[in-house]
Amino acid sequence: MRDVLDATPYDALLLLSFGGPEGPDDVIPFLENVTRGRGIPRERLKEVGEHYFLFGGVSPINDQNRALLDALRKDFADHGLDLPIYWGNRNWAPYLTDTLREMTADGHRRILVLATSAYASYSGCRQYRENLADSLAALEAEGLDLPKVDKLRHYFNHEGFLEPMIEGVVRSLADLPEDVRDGAHIAFSTHSIPTASADTSGPVEGHGEGGAYVRQHLEAAGLIADAVRERTGVDHPWQLVYQSRSGAPHIPWLEPDICDHLQTLHESGAPAVVIAPIGFVSDHMEVLYDLDTEAKAKAEELHLPMRRSATVGADPRFAAAVRDLILERAATERGERPTPCALGTLGASHNLCPVGCCPARAPRPAAAGVDSPYA
Ligand SMILES: CC1=C(CCC(=O)O)c2cc3nc(cc4[nH]c(cc5[nH]c(cc1n2)c(C)c5CCC(=O)O)c(CCC(=O)O)c4C)C(CCC(=O)O)=C3C
Ligand SMILES: [Fe+2]
(Lines of atoms letter the chains of each structure in order from A and count residues from 1; the text may use other names and numbers.)
(Lines give C-alpha, C1' and ligand atoms only; values in the text may rest on other atoms or scores of the structure.)
(Ligands and ions follow the chains in the order given, each with its own letter.)
Protein backbone atom coordinates (compact mmCIF):
# COMPACT_ATOMS: atom_id res chain seq x y z
CA MET A 1 0.00 0.00 0.00
CA ARG A 2 1.10 3.49 -0.82
CA ASP A 3 1.40 6.01 1.94
CA VAL A 4 -1.29 8.62 1.78
CA LEU A 5 0.38 12.01 1.70
CA ASP A 6 -0.92 14.83 3.83
CA ALA A 7 -1.47 18.30 2.34
CA THR A 8 -3.48 19.49 5.36
CA PRO A 9 -4.41 22.35 5.81
CA TYR A 10 -4.62 22.80 2.03
CA ASP A 11 -7.60 21.45 0.12
CA ALA A 12 -6.73 22.47 -3.45
CA LEU A 13 -3.88 23.55 -5.74
CA LEU A 14 -4.23 26.41 -8.23
CA LEU A 15 -1.90 26.54 -11.23
CA LEU A 16 -1.58 30.25 -11.96
CA SER A 17 -0.12 31.24 -15.32
CA PHE A 18 0.16 33.93 -17.96
CA GLY A 19 -2.37 32.68 -20.52
CA GLY A 20 -2.11 33.06 -24.27
CA PRO A 21 -4.23 33.36 -27.42
CA GLU A 22 -5.75 30.22 -28.97
CA GLY A 23 -6.45 31.61 -32.44
CA PRO A 24 -5.93 34.70 -34.65
CA ASP A 25 -8.98 36.54 -33.27
CA ASP A 26 -7.61 36.24 -29.75
CA VAL A 27 -4.26 37.90 -30.42
CA ILE A 28 -5.17 41.59 -30.17
CA PRO A 29 -7.55 41.21 -27.18
CA PHE A 30 -4.86 39.12 -25.46
CA LEU A 31 -2.19 41.77 -26.04
CA GLU A 32 -4.60 44.42 -24.76
CA ASN A 33 -5.02 42.39 -21.59
CA VAL A 34 -1.26 42.00 -21.17
CA THR A 35 -0.37 45.61 -21.74
CA ARG A 36 -3.26 47.45 -20.06
CA GLY A 37 -1.66 50.43 -18.31
CA ARG A 38 1.90 49.21 -18.82
CA GLY A 39 3.14 51.85 -21.28
CA ILE A 40 4.45 49.55 -24.02
CA PRO A 41 5.04 51.38 -27.34
CA ARG A 42 2.45 50.67 -30.09
CA GLU A 43 5.20 49.60 -32.49
CA ARG A 44 6.38 46.90 -30.11
CA LEU A 45 2.80 45.62 -29.73
CA LYS A 46 2.33 45.33 -33.50
CA GLU A 47 5.62 43.50 -33.71
CA VAL A 48 4.74 41.06 -30.92
CA GLY A 49 1.33 40.47 -32.53
CA GLU A 50 3.20 39.35 -35.66
CA HIS A 51 5.10 36.77 -33.61
CA TYR A 52 1.78 35.20 -32.64
CA PHE A 53 0.35 35.40 -36.18
CA LEU A 54 3.43 33.58 -37.44
CA PHE A 55 2.22 30.65 -35.36
CA GLY A 56 -1.42 30.84 -36.49
CA GLY A 57 -2.36 33.15 -33.61
CA VAL A 58 -1.88 30.33 -31.15
CA SER A 59 0.45 30.55 -28.17
CA PRO A 60 1.82 27.21 -27.05
CA ILE A 61 1.51 28.24 -23.40
CA ASN A 62 -2.03 26.93 -22.79
CA ASP A 63 -1.23 23.46 -24.12
CA GLN A 64 1.96 23.49 -22.08
CA ASN A 65 -0.10 24.21 -18.98
CA ARG A 66 -2.62 21.48 -19.88
CA ALA A 67 0.28 19.04 -20.14
CA LEU A 68 1.63 20.22 -16.78
CA LEU A 69 -1.82 19.73 -15.21
CA ASP A 70 -1.87 16.15 -16.55
CA ALA A 71 1.62 15.49 -15.22
CA LEU A 72 0.73 16.90 -11.80
CA ARG A 73 -2.50 14.89 -11.58
CA LYS A 74 -0.64 11.72 -12.54
CA ASP A 75 2.13 12.38 -10.03
CA PHE A 76 -0.33 13.10 -7.21
CA ALA A 77 -2.39 9.98 -8.03
CA ASP A 78 0.72 7.78 -8.22
CA HIS A 79 1.90 9.02 -4.82
CA GLY A 80 -1.40 9.07 -2.96
CA LEU A 81 -1.66 12.84 -2.72
CA ASP A 82 -5.34 13.64 -2.76
CA LEU A 83 -5.42 17.30 -3.80
CA PRO A 84 -7.60 18.62 -6.64
CA ILE A 85 -5.86 20.89 -9.14
CA TYR A 86 -7.37 23.92 -10.88
CA TRP A 87 -5.96 26.30 -13.48
CA GLY A 88 -6.39 30.04 -13.96
CA ASN A 89 -4.55 32.74 -15.94
CA ARG A 90 -3.71 36.43 -15.71
CA ASN A 91 -4.35 37.31 -19.36
CA TRP A 92 -6.56 34.71 -21.01
CA ALA A 93 -9.23 32.10 -20.36
CA PRO A 94 -9.54 30.29 -18.07
CA TYR A 95 -9.34 33.58 -16.18
CA LEU A 96 -8.14 33.57 -12.60
CA THR A 97 -11.32 35.17 -11.19
CA ASP A 98 -13.53 32.52 -12.82
CA THR A 99 -11.33 29.72 -11.52
CA LEU A 100 -11.25 31.12 -7.97
CA ARG A 101 -15.05 31.50 -8.07
CA GLU A 102 -15.37 27.86 -9.12
CA MET A 103 -12.95 26.74 -6.40
CA THR A 104 -14.94 28.67 -3.80
CA ALA A 105 -18.20 27.17 -5.08
CA ASP A 106 -16.61 23.71 -4.82
CA GLY A 107 -16.04 24.41 -1.14
CA HIS A 108 -12.26 24.97 -1.07
CA ARG A 109 -11.11 27.07 1.87
CA ARG A 110 -7.30 26.78 1.84
CA ILE A 111 -5.81 27.20 -1.62
CA LEU A 112 -2.13 26.84 -2.50
CA VAL A 113 -0.92 28.57 -5.66
CA LEU A 114 1.79 27.38 -8.05
CA ALA A 115 2.84 30.22 -10.36
CA THR A 116 4.60 29.35 -13.61
CA SER A 117 7.58 31.50 -12.72
CA ALA A 118 10.50 30.17 -10.69
CA TYR A 119 12.15 33.46 -9.69
CA ALA A 120 11.52 36.68 -7.82
CA SER A 121 10.47 39.75 -9.84
CA TYR A 122 7.51 42.05 -10.15
CA SER A 123 6.25 40.29 -13.32
CA GLY A 124 6.95 36.78 -12.05
CA CYS A 125 5.76 37.15 -8.47
CA ARG A 126 4.12 40.31 -7.15
CA GLN A 127 2.02 40.85 -10.28
CA TYR A 128 0.52 37.39 -9.78
CA ARG A 129 -0.14 38.32 -6.14
CA GLU A 130 -1.88 41.50 -7.35
CA ASN A 131 -3.97 39.37 -9.73
CA LEU A 132 -4.97 37.18 -6.77
CA ALA A 133 -5.95 40.27 -4.74
CA ASP A 134 -8.00 41.64 -7.67
CA SER A 135 -9.81 38.33 -8.07
CA LEU A 136 -10.49 38.01 -4.33
CA ALA A 137 -11.85 41.59 -4.36
CA ALA A 138 -14.17 40.67 -7.24
CA LEU A 139 -15.46 37.61 -5.37
CA GLU A 140 -15.89 39.63 -2.19
CA ALA A 141 -17.99 42.12 -4.15
CA GLU A 142 -20.15 39.18 -5.25
CA GLY A 143 -20.76 38.40 -1.58
CA LEU A 144 -18.77 35.16 -1.52
CA ASP A 145 -17.03 33.83 1.57
CA LEU A 146 -13.37 34.14 0.58
CA PRO A 147 -10.92 31.21 0.78
CA LYS A 148 -7.41 31.76 2.18
CA VAL A 149 -4.85 31.79 -0.61
CA ASP A 150 -1.12 31.05 -0.18
CA LYS A 151 1.60 30.94 -2.85
CA LEU A 152 4.42 28.39 -3.12
CA ARG A 153 7.95 29.72 -2.71
CA HIS A 154 10.30 30.32 -5.65
CA TYR A 155 11.66 27.04 -6.95
CA PHE A 156 14.66 28.14 -9.08
CA ASN A 157 17.02 26.12 -6.88
CA HIS A 158 14.86 23.01 -6.43
CA GLU A 159 16.50 19.85 -7.71
CA GLY A 160 13.44 18.83 -9.73
CA PHE A 161 13.45 22.15 -11.57
CA LEU A 162 17.20 22.07 -12.30
CA GLU A 163 17.67 18.39 -13.17
CA PRO A 164 15.64 18.35 -16.42
CA MET A 165 17.50 21.47 -17.56
CA ILE A 166 20.91 19.96 -16.71
CA GLU A 167 19.98 16.90 -18.74
CA GLY A 168 18.70 19.16 -21.53
CA VAL A 169 21.98 21.08 -21.79
CA VAL A 170 23.98 17.82 -21.82
CA ARG A 171 21.70 16.53 -24.60
CA SER A 172 22.04 19.74 -26.63
CA LEU A 173 25.84 19.63 -26.32
CA ALA A 174 25.84 16.02 -27.52
CA ASP A 175 23.72 17.11 -30.48
CA LEU A 176 26.35 19.64 -31.66
CA PRO A 177 28.89 18.53 -34.27
CA GLU A 178 31.77 16.82 -32.52
CA ASP A 179 34.44 19.23 -33.72
CA VAL A 180 32.78 22.24 -32.05
CA ARG A 181 31.23 20.48 -29.03
CA ASP A 182 33.93 20.86 -26.39
CA GLY A 183 34.45 24.55 -27.13
CA ALA A 184 30.74 25.35 -26.99
CA HIS A 185 29.57 28.20 -24.77
CA ILE A 186 26.37 28.02 -22.74
CA ALA A 187 24.13 31.09 -22.88
CA PHE A 188 21.64 30.94 -20.01
CA SER A 189 18.74 33.09 -21.10
CA THR A 190 15.93 34.75 -19.21
CA HIS A 191 13.39 37.53 -19.71
CA SER A 192 14.91 40.98 -19.63
CA ILE A 193 13.21 43.35 -17.21
CA PRO A 194 13.85 47.04 -16.45
CA THR A 195 17.05 47.34 -14.36
CA ALA A 196 15.07 49.41 -11.85
CA SER A 197 12.72 46.48 -11.42
CA ALA A 198 15.58 43.96 -11.13
CA ASP A 199 17.35 46.12 -8.53
CA THR A 200 14.28 46.07 -6.26
CA SER A 201 13.40 42.40 -6.82
CA GLY A 202 13.14 40.17 -3.77
CA PRO A 203 13.16 41.27 -0.11
CA VAL A 204 14.31 44.82 0.70
CA GLU A 205 17.57 43.76 2.39
CA GLY A 206 18.73 42.20 -0.91
CA HIS A 207 17.92 45.24 -3.04
CA GLY A 208 20.86 46.58 -5.04
CA GLU A 209 22.32 45.95 -8.46
CA GLY A 210 20.32 43.17 -10.13
CA GLY A 211 18.55 42.24 -6.88
CA ALA A 212 17.20 38.76 -6.22
CA TYR A 213 16.18 38.37 -9.88
CA VAL A 214 19.75 38.37 -11.19
CA ARG A 215 21.18 36.62 -8.11
CA GLN A 216 18.71 33.72 -8.38
CA HIS A 217 19.32 33.32 -12.12
CA LEU A 218 23.10 33.34 -11.60
CA GLU A 219 22.66 30.67 -8.94
CA ALA A 220 20.52 28.44 -11.18
CA ALA A 221 22.90 28.96 -14.12
CA GLY A 222 25.97 28.18 -11.98
CA LEU A 223 24.36 25.03 -10.57
CA ILE A 224 23.48 23.80 -14.05
CA ALA A 225 26.94 24.67 -15.43
CA ASP A 226 28.62 22.80 -12.53
CA ALA A 227 26.51 19.70 -13.09
CA VAL A 228 27.15 19.82 -16.84
CA ARG A 229 30.90 20.02 -16.18
CA GLU A 230 30.68 17.01 -13.88
CA ARG A 231 28.77 14.96 -16.43
CA THR A 232 30.66 15.89 -19.60
CA GLY A 233 34.12 16.41 -18.11
CA VAL A 234 34.33 19.66 -20.07
CA ASP A 235 34.33 23.16 -18.61
CA HIS A 236 32.05 25.10 -20.92
CA PRO A 237 32.26 28.90 -20.58
CA TRP A 238 28.87 30.38 -19.69
CA GLN A 239 27.06 33.67 -19.25
CA LEU A 240 23.64 34.89 -18.17
CA VAL A 241 21.95 36.83 -20.99
CA TYR A 242 18.53 38.36 -21.61
CA GLN A 243 15.78 38.26 -24.20
CA SER A 244 12.30 39.55 -25.07
CA ARG A 245 12.98 43.17 -24.13
CA SER A 246 10.02 45.51 -24.54
CA GLY A 247 9.40 49.00 -23.12
CA ALA A 248 10.71 52.32 -24.36
CA PRO A 249 14.34 52.38 -25.62
CA HIS A 250 15.43 55.12 -23.19
CA ILE A 251 14.56 52.98 -20.17
CA PRO A 252 17.44 50.67 -19.21
CA TRP A 253 16.65 46.93 -19.21
CA LEU A 254 18.93 44.04 -18.29
CA GLU A 255 21.60 43.29 -20.92
CA PRO A 256 23.21 41.81 -22.96
CA ASP A 257 20.45 40.74 -25.30
CA ILE A 258 20.80 37.15 -26.56
CA CYS A 259 21.30 38.22 -30.18
CA ASP A 260 24.02 40.76 -29.26
CA HIS A 261 25.62 38.02 -27.19
CA LEU A 262 25.65 35.68 -30.21
CA GLN A 263 27.42 38.43 -32.17
CA THR A 264 30.00 38.84 -29.38
CA LEU A 265 30.55 35.08 -29.18
CA HIS A 266 31.08 34.95 -32.92
CA GLU A 267 33.57 37.83 -32.84
CA SER A 268 35.50 36.23 -29.98
CA GLY A 269 35.84 33.01 -31.97
CA ALA A 270 33.48 30.78 -29.97
CA PRO A 271 32.84 27.66 -32.09
CA ALA A 272 29.25 26.93 -30.93
CA VAL A 273 26.60 27.79 -28.36
CA VAL A 274 23.84 26.11 -26.39
CA ILE A 275 21.06 28.49 -25.37
CA ALA A 276 19.45 27.34 -22.12
CA PRO A 277 16.20 29.25 -21.41
CA ILE A 278 16.34 28.91 -17.61
CA GLY A 279 14.01 31.88 -17.07
CA PHE A 280 11.01 30.01 -18.45
CA VAL A 281 9.05 27.03 -17.23
CA SER A 282 7.85 25.83 -20.63
CA ASP A 283 8.33 26.24 -24.39
CA HIS A 284 5.94 29.16 -24.81
CA MET A 285 6.11 32.02 -27.31
CA GLU A 286 9.16 33.75 -25.79
CA VAL A 287 11.05 30.51 -26.40
CA LEU A 288 9.55 29.55 -29.79
CA TYR A 289 9.82 33.01 -31.30
CA ASP A 290 12.61 34.89 -29.52
CA LEU A 291 14.97 31.89 -29.36
CA ASP A 292 13.90 29.22 -31.86
CA THR A 293 13.10 31.77 -34.56
CA GLU A 294 14.95 35.05 -33.98
CA ALA A 295 18.10 33.89 -32.17
CA LYS A 296 18.32 30.86 -34.45
CA ALA A 297 18.27 33.12 -37.53
CA LYS A 298 20.99 35.29 -35.99
CA ALA A 299 23.15 32.24 -35.26
CA GLU A 300 22.66 30.98 -38.83
CA GLU A 301 23.64 34.38 -40.21
CA LEU A 302 26.85 34.15 -38.16
CA HIS A 303 27.41 30.49 -39.09
CA LEU A 304 27.51 29.80 -35.36
CA PRO A 305 26.28 26.28 -34.58
CA MET A 306 23.50 26.68 -32.01
CA ARG A 307 21.18 24.40 -30.04
CA ARG A 308 18.38 25.43 -27.70
CA SER A 309 18.01 23.21 -24.66
CA ALA A 310 14.78 22.07 -23.02
CA THR A 311 12.62 23.87 -20.47
CA VAL A 312 11.11 21.73 -17.69
CA GLY A 313 7.61 21.76 -19.22
CA ALA A 314 5.66 18.74 -17.97
CA ASP A 315 8.72 16.72 -16.97
CA PRO A 316 7.77 14.18 -14.26
CA ARG A 317 10.70 15.38 -12.14
CA PHE A 318 9.23 18.88 -12.13
CA ALA A 319 5.82 17.47 -11.18
CA ALA A 320 7.54 15.62 -8.32
CA ALA A 321 9.22 18.86 -7.25
CA VAL A 322 5.84 20.57 -7.09
CA ARG A 323 4.54 17.75 -4.88
CA ASP A 324 7.59 18.16 -2.65
CA LEU A 325 7.04 21.93 -2.40
CA ILE A 326 3.38 21.40 -1.49
CA LEU A 327 4.18 18.88 1.23
CA GLU A 328 6.93 21.13 2.58
CA ARG A 329 4.61 24.13 2.77
CA ALA A 330 1.73 22.14 4.22
CA ALA A 331 4.01 20.77 6.97
CA THR A 332 5.23 24.30 7.71
CA GLU A 333 1.65 25.55 8.00
CA ARG A 334 0.95 22.72 10.46
CA GLY A 335 3.82 24.01 12.62
CA GLU A 336 6.32 21.32 11.63
CA ARG A 337 9.87 22.05 10.46
CA PRO A 338 10.41 20.24 7.15
CA THR A 339 13.83 20.31 5.47
CA PRO A 340 13.39 22.29 2.25
CA CYS A 341 15.07 21.15 -0.94
CA ALA A 342 17.32 23.99 -2.13
CA LEU A 343 20.59 23.35 -3.99
CA GLY A 344 23.45 25.85 -3.94
CA THR A 345 24.11 28.59 -1.42
CA LEU A 346 21.09 30.91 -1.49
CA GLY A 347 18.87 28.57 0.53
CA ALA A 348 15.12 28.12 0.26
CA SER A 349 13.25 31.27 -0.67
CA HIS A 350 10.69 32.76 1.76
CA ASN A 351 7.16 31.30 1.92
CA LEU A 352 5.55 34.68 2.46
CA CYS A 353 6.75 37.71 0.51
CA PRO A 354 7.75 40.39 3.03
CA VAL A 355 6.67 44.03 2.79
CA GLY A 356 8.55 45.80 -0.02
CA CYS A 357 9.36 42.59 -1.92
CA CYS A 358 9.40 43.27 -5.72
CA PRO A 359 7.49 46.58 -5.38
CA ALA A 360 5.20 47.84 -8.13
CA ARG A 361 5.73 51.26 -9.68
CA ALA A 362 2.33 52.23 -8.25
CA PRO A 363 1.52 50.32 -5.04
CA ARG A 364 -1.56 48.09 -5.25
CA PRO A 365 -3.03 45.40 -3.00
CA ALA A 366 -1.32 42.02 -3.33
CA ALA A 367 -2.52 38.76 -1.76
CA ALA A 368 -0.44 35.86 -0.38
CA GLY A 369 2.22 38.05 1.25
CA VAL A 370 2.84 39.72 4.61
CA ASP A 371 1.00 42.84 3.41
CA SER A 372 -2.00 40.95 2.01
CA PRO A 373 -5.36 42.55 2.83
CA TYR A 374 -6.79 38.99 2.78
CA ALA A 375 -4.82 37.38 5.63
C1 LIG B 1 9.95 38.25 -16.06
C2 LIG B 1 8.94 37.90 -17.14
C3 LIG B 1 8.50 36.65 -17.48
C4 LIG B 1 8.97 35.33 -16.90
C5 LIG B 1 8.19 34.95 -15.70
C6 LIG B 1 6.78 34.49 -16.02
O7 LIG B 1 6.64 33.54 -16.80
O8 LIG B 1 5.83 35.09 -15.50
C9 LIG B 1 7.53 36.81 -18.53
C10 LIG B 1 6.82 35.75 -19.14
C11 LIG B 1 5.94 35.85 -20.22
N12 LIG B 1 5.67 36.98 -20.97
C13 LIG B 1 4.76 36.65 -21.94
C14 LIG B 1 4.22 37.52 -22.88
C15 LIG B 1 4.39 38.91 -22.87
N16 LIG B 1 5.13 39.66 -21.98
C17 LIG B 1 5.05 41.00 -22.29
C18 LIG B 1 5.66 42.06 -21.63
C19 LIG B 1 6.54 41.96 -20.51
N20 LIG B 1 6.97 40.81 -19.90
C21 LIG B 1 7.80 41.13 -18.83
C22 LIG B 1 8.45 40.23 -17.97
C23 LIG B 1 8.26 38.85 -17.98
N24 LIG B 1 7.42 38.15 -18.81
C25 LIG B 1 7.89 42.56 -18.78
C26 LIG B 1 8.67 43.34 -17.75
C27 LIG B 1 7.11 43.07 -19.82
C28 LIG B 1 6.88 44.51 -20.14
C29 LIG B 1 5.51 44.97 -19.77
C30 LIG B 1 5.17 44.78 -18.33
O31 LIG B 1 5.76 45.44 -17.48
O32 LIG B 1 4.27 43.95 -18.07
C33 LIG B 1 4.19 41.12 -23.43
C34 LIG B 1 3.79 42.42 -24.09
C35 LIG B 1 4.49 42.59 -25.38
C36 LIG B 1 5.98 42.73 -25.20
O37 LIG B 1 6.38 43.81 -24.82
O38 LIG B 1 6.70 41.75 -25.41
C39 LIG B 1 3.81 39.83 -23.81
C40 LIG B 1 2.93 39.42 -24.96
C41 LIG B 1 4.42 35.25 -21.81
C42 LIG B 1 3.41 34.47 -22.67
C43 LIG B 1 4.12 33.81 -23.81
C44 LIG B 1 3.16 33.06 -24.70
O45 LIG B 1 2.14 33.61 -25.13
O46 LIG B 1 3.43 31.89 -24.97
C47 LIG B 1 5.16 34.78 -20.74
C48 LIG B 1 5.15 33.38 -20.17
FE1 LIG C 1 6.50 38.85 -20.56
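Keep in mind that glycine also has a Cβ here, set from the backbone N, Cα and C atoms.
A TrEMBL annotation is a machine prediction, not a hand-curated record.
The Fe-coproporphyrin III binding site feature in TrEMBL is assigned to SER59, TYR128. In three-state terms derived from DSSP, SER59 (Fe-coproporphyrin III binding site) belongs to neither a helical nor a strand segment and is classed as coil.
Cβ neighbours within 10 Å of HIS191 (Fe(2+) binding site), excluding its own Cβ and spanning all shown chains: 23. Under the three-state DSSP scheme, HIS191 (Fe(2+) binding site) falls in the strand class. The Fe(2+) binding site annotation in TrEMBL covers HIS191, GLU286.
Between the alpha carbons (Cα) of HIS191 (Fe(2+) binding site) and SER59 (Fe-coproporphyrin III binding site) lies a span of roughly 17 Å. Of all Cβ atoms in the protein chains displayed, 21 besides its own lie within 10 Å of the Cβ of GLU286 (Fe(2+) binding site). Around SER59 (Fe-coproporphyrin III binding site), the same-chain residues six or more apart in sequence whose CB sits under 8 Å from its CB are GLY20, PRO21, GLU22, PHE30, TYR52, HIS284, MET285, listed in sequence order. TYR128 (Fe-coproporphyrin III binding site) and GLU286 (Fe(2+) binding site) are 19 Å apart (CA-CA, integer value).
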